[in-house]
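As given in TrEMBL:
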BINDING   B:HIS91, B:ASP102, B:HIS209  Zn(2+) 1 binding site
BINDING   B:ASP102, B:GLU137, B:HIS407  Zn(2+) 2 binding site
Protein chains: 2
Amino acid sequence: MSLTRTSMREIDTSAALDLSRRLFQALEACATDGRGITRMPWGPGEAAAHALLRDAGEAAGLEASVDAAGNLYLTLPGRDRTAPRWMSGSHVDTVPDGGNFDGAAGAVAALAAAVALKEAGHVPRCDVTAMVIRAEEVSSWFTGHTGGHLGSRAALGLLWPDELTTAHHIALDKPVGEVIDDAGFDARALRDGPPHLSAANVAGFLEIHIEQGPVLIDRELPIGIVTGIRGTVRLREARCVGAYTHSGAVPHELRQDAVLATVALAHRLDEAWSEARATGEDLVVTMGKIHTDRAVESLSKVPGECAFTLDIRSQSAATLSRMKALVESAAETIGAERRVRFELGRIAVGKPAPMDETLRAMMREVSADLAIPTDDVACGAGHDSADFHHAGIPAAMIFVRNTGGSHNPSEHMEMSDYAEALRVLTETLRRLTA
Amino acid sequence: MSLTRTSMREIDTSAALDLSRRLFQALEACATDGRGITRMPWGPGEAAAHALLRDAGEAAGLEASVDAAGNLYLTLPGRDRTAPRWMSGSHVDTVPDGGNFDGAAGAVAALAAAVALKEAGHVPRCDVTAMVIRAEEVSSWFTGHTGGHLGSRAALGLLWPDELTTAHHIALDKPVGEVIDDAGFDARALRDGPPHLSAANVAGFLEIHIEQGPVLIDRELPIGIVTGIRGTVRLREARCVGAYTHSGAVPHELRQDAVLATVALAHRLDEAWSEARATGEDLVVTMGKIHTDRAVESLSKVPGECAFTLDIRSQSAATLSRMKALVESAAETIGAERRVRFELGRIAVGKPAPMDETLRAMMREVSADLAIPTDDVACGAGHDSADFHHAGIPAAMIFVRNTGGSHNPSEHMEMSDYAEALRVLTETLRRLTA
């Protein structure tokens, strides 16, 4: 039970909820492609979303600014402008044919919370900033050498030395540095300048995001408080190389079948996943793409090549490390057994990001004070909050129940669930900056 | 030991071998596409091959005729023109980017043998006819409802009632009936007329073909005598349908992963294959094509759809029947376990075709008489000979050693090995028509 509970008077978020509703409708209207919502990083859909939120923030009297990557900041000035600020936000880009709320819900909520605090006459002890982030959905839009989450990592100075050159925007067919310059921002400043955000000038980061799994539905909860963000082991351009031969005439022991070898690898990983579940170990394994070569494949040819991706996630760094070793050793063993060669390509490892204990405790307390039912949930997807954690900035997330799956046009958030998340975010920011 | 051995005087095939060599060079020259040999059924490459062989046959004094499907017949007239004829031949179409010898070796050898018999002054008791067959490589060029081997099956009256409409030529984007008419032949006659070939007018069919496996290489034999042709269970347009969701956020028990379900099915069939090998049962299993949907797939999406093909072959009808049932039951079980739906599409079953015992015995005897080392070999691929068997006509095949695999540009036949096959074919035809 909170010490402040009996004395608290909750800030009214009803006008901020109306603002949110209008913004979600406007965001949808300017980015639908008939099938779903598409806001490409540094593309027209993302730019329109930034313009909408900037206009809404400025209309409400917030200060607007933009960093060298194009991330947008809408700030409610604090009493001490030099004190490390409290931030909230999320990205507004989407996967191709995605939905309207991943991650616009968090960008809109951050703006709405700042507006609610301002309207209530709350003058925070430090700045409170809503951040509208670029380019979080990197795996759908980029190829080449990249650590993902290009917008938040650019703001936090976490880009790898050559990443502005090696991360390649598939649709625009350009390295991300050129894409940023073409969009009117400043890749050189990102490369040469100090990070825009750091533990020295940011006190902490809170992010509202739709849940991308069905856990809150199962538990009949409107919102959840995230325990940690899973890390990843990712293979974007793996393939198995065997030899094309006649499908009927070559006996088993002389085949070099790239598909059945890839099947054996995937089956081994699926088994390892079952073993992990049996011991309660956190793990998910996905082979999102698999392709034989359309130029030479045939019903009646033993396939000589098979390309595939792997996306392995866990909250445990040890599990990730073990799974990476398993991919490598199984590829070696199966390759030798089946007379094929696996070319795994780069194996990118993203570290898990546990959420800040103090912030989690405060959000649990706020939820209890506001009589909003909630619970701890694990987070299987990557989020900008992970980058704040990796930059040494305390971060926490609130998930909103989502009945339509994720990364597809059917993702869905009830406004009544969103309203609860907005209440918790606004009250948490008030307490943090009282 | 043959009764005729001591008294036989072998027909000289050296001029026929030279003719073969020139024809192989000319066939290659008119069908190379830079990567491999492409002679599309009823396309320009196949037409050029037919024209070449017709010219060569007519130049050597053979009678040329063509049936309603465009199959070419080059005949050495016999003493009794009404007696059932002995035939030899093979197809000249290829897979895309295939090699020069599958099946042109058999068409050229049939022509060369007839020419050798003629040049030697052999007047057969019945007609001896070389058949140059259309459209054997159906699985590479056609989609829709088809029993394959469209050229030989058309000649033998084995096409299914609607097959001229339902077998669809992918590259020409037309049903095969229209393709045949456009090429100057007569689909209506195929539909309404009597079969051009039958057990009433054909005494038997002999086919030379490159081996499409490595068995003769392993045994260091130039040629082999085929025991039987494997039958097939084929799924051309199977798919697994699950649901697209976020790859990190959905726990195992709530996923509908179409790729891991397809992996489970393929793994089950691979296991069944291992079990069959352990008991010496004849079987091969191939998943030649597998594809997620490029329009919606992503590294970070659980795949909601996976398309694949299956090509299962055995010399045993019982094994084929058991494997077909296994595909169906495993799809059902795995679908239920993994919350996905397999849409297997049509499961086409092609019966095995044992080769004629009497002809096999005669070819073994001829080989021994000519001191050519040979052995029995199983045939894993489909061949036109199977259709003659299914039409009630005795059929037999001679395989020629092939060091370059099959259905690819590297397939290779040594002319010294081909020469041995041509000697056996010529002598067998001589004895059969003495």
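Placed from the backbone N, Cα and C atoms, the Cβ positions cover glycine too.
Because TrEMBL annotations are produced automatically, they should be read as predictions rather than curated entries.
For the Zn(2+) 1 site, the Cβ centre of B:HIS91, B:ASP102, B:HIS209 serves as reference, and the other residues of the chain with Cβ at most 8 Å from it are B:SER90, B:PHE101, B:GLY103, B:ALA104, B:ALA105, B:GLY106, B:GLU136, B:GLU207, B:ILE210, B:HIS383, B:ASP384.
Proximity to chain A, defined as a C-beta distance under 8 Å, is registered for the following binding-site residues out of B:HIS91, B:HIS209, B:HIS407: B:HIS407. B:ASP102 (Zn(2+) 1 binding site) sits 8 Å from B:HIS407 (Zn(2+) 2 binding site), counting Cα to Cα. Look at B:GLU137 (Zn(2+) 2 binding site): DSSP puts it in coil. Here the Cα atom of B:GLU137 (Zn(2+) 2 binding site) is found 9 Å from that of B:HIS91 (Zn(2+) 1 binding site). The two recorded residues, B:HIS209 (Zn(2+) 1 binding site) and B:HIS407 (Zn(2+) 2 binding site), have Cα atoms 13 Å apart. Under DSSP, B:HIS209 (Zn(2+) 1 binding site) is assigned to a strand (E or B) in the three-state scheme. Here the Cα atom of B:HIS407 (Zn(2+) 2 binding site) is found 14 Å from that of B:HIS91 (Zn(2+) 1 binding site). The 10 Å shell around the Cβ of B:GLU137 (Zn(2+) 2 binding site) contains 27 further Cβ atoms across the protein chains shown. The C-beta environment of B:HIS91 (Zn(2+) 1 binding site), restricted to residues of the same chain at least 6 apart in sequence and closer than 8 Å, consists of B:GLY103, B:GLY106, B:ALA107, B:VAL132, B:ILE133, B:ARG134, B:ALA135, B:GLU136, B:GLU137, B:GLY151, B:SER152, B:ASP384. The number of other CB atoms found within 10 A of the CB of B:HIS407 (Zn(2+) 2 binding site), across every protein chain shown, is 29.
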